[in-house]
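A short write-up of the structure that comes next.
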Amino acid sequence: MKWLVLLGLVAFSECIFKIPLRRVKTMRKTLSGKNMLNDVLKEHPYRLPQISFRGSNLIIHPLRNIRDTFYVGNITIGTPPQEFQVLFDTGSSVLWVPSVLCNSSTCSIHVRFRHLQSSTFRTTNKTFWITYGAGTMKGVVAHDTVRIGDLVSIDQPFGLSMAEYGFHGRRFDGVLGLNYPRQSCCRPTPIFDKLKNQGAISEPVFAFYLSKDEQEGSVVMFGGVDHRYYKGELNWVPLVKADDWTIQVDRISMRREVIACSDGCDALLDTGASFIHGPGRLIDDIQKLIGSEPRDLKHYISCSAVNTLPSIIFTINGINYPVPAQAYILKGSTGHCYTAFRAKRVRTSTESWVLGDVFLRLYFSVFDRGNDRIGLAPAM
C-alpha cells in the first residue's frame, strides 16, 4: 500500500538525514581557462549516461557548489573509511569511484580507492562501462561498506573504475547515481535501493536543495522532506514511466507565446546536468528570441540583458515554473555573459529536454520512488 504522503514527507530537521553538497567549478570553466574547451565539446557532446555491464529518520547531507553548477558531497567507502567527493546524479544509477589500479591520467589526479586497505572489501568478476557526455569509464563491480553521512550500506555493490577516457578537468572523484535501477543480470543494486530495502530510511524519497551560494548551503536529504527549504506547497508530477526521473511538460513559453514543446514533451530532471538541454532546432529558436550570438560553442549575450529579458516559463502539470533571465544568463570567468541553453546532440523520436541545475536551483525537488513522481516547489 502506498505510504501516507502528508505524514511521511514533511519532517523536522532533528529527524532528517541531511548530506551537505558543494558547488564545484565545472569542466567547462576549467577547460576555458586552458583554451581546451572547444576541442573537448566537439569530441563529447551532451548525452545521457549509457551503461553496460558484463529507520524512520530523514538524512540531510550537505553539498558544495564551487563557482559553477556541479554539486558534490562526501561519502566514505571501506573499513577503515576512505573519503571521496562524488556527484549526486539523478541521471544515472550507479555508484563508482576510481580504483588504485587505474592508471589513466584522469584517475591519477583524483582520490583512488585502495582495496587492500579495506577489511570489508570483496570483488566480483563482473565488468562494466559507462558512457557520459564528457567521457567513458570502464571498471569492475565490487562490494564494501558505504557511508553517506549517518547512512550506512553494508556490502554495497559499487563500481571501481579501471580506465577513464575524457573527463578532462573533472572536479569530483566519482558519481553516486540516484536514478531508477536498470534491468540487467550483472548490474549492481543502486545504493538508494539497498538503503530502502534494508530499512535504513523509513520512506522511499530523497530531495535536493541547490543553493545559489558559490560554496555552502546545498543539501540532499534522504527518507523525507524538510519543509523549511521551500515556499508554499509541493506540486506533484507523475513520471512518464516508473523507471526514470522523466516527467511530462505541457509547454514552454515566453511573453505568453509558446516557443517550444507546443504539443507537450518529456523532460528529465537531472542533478548531474549543469544547464537546460533541448532539441537543437528549438534551442536555436530560443537563442534568437533572446538575442544571443553564437561564438566558440557558446551563445553570448549582453550582461545587461538580465534586467530586460522576460522569464522563460515551463508549464508542468498545469503549473507555471518561470526561469528568469537572472537564472538563464550566466557570467563566465572572463566577465562575458552567456546563456544556459544547450542543444542535445543525440536525437530522439520525440521532443525531450533535460532540466539541470539552472532549473533545480530555482525549485526544491522531491524524488518520490514510493509513488513514482516528483514534487516541485519554489526554493527558499
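Yeah, the Cβs are placed from backbone N, Cα and C, and that goes for glycine too.
As recorded in Swiss-Prot:
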type	residues	note
SIGNAL	1-15	signal peptide
DOMAIN	71-377	domain 'Peptidase A1'
ACT_SITE	D89	active site
DISULFID	C102-C107	disulfide bond
DISULFID	C261-C265	disulfide bond
ACT_SITE	D270	active site
DISULFID	C303-C337	disulfide bond
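Listed recorded positions near D270 (active site): D89 (candidates D89, C107, C303, C337; Cα-Cα distance within 10 Å). Across the structure, C261 (disulfide bond) and D89 (active site) place their CA atoms 25 angstrom apart. Every protein chain shown contributes to the tally, and the Cβ of C337 (disulfide bond) ends up with 19 other Cβ atoms within 10 Å. Note: C303 (disulfide bond) has non-local neighbours I329, K331, G335, H336, C337, i.e. same-chain residues 6+ apart with C-beta under 8 A of its own C-beta. In this view, D89 (active site) is surrounded by 24 other Cβ atoms within 10 Å of its Cβ, with every protein chain counted. In three-state terms derived from DSSP, C102 (disulfide bond) belongs to neither a helical nor a strand segment and is classed as coil.
When secondary structure is read from DSSP and collapsed to three states, C261 (disulfide bond) falls in the coil class. In sequence order, P98, S99, S161, A163, E164 are the residues of the chain that are 6 or more apart from C107 (disulfide bond) and have a CB within less than 8 Å of its CB.
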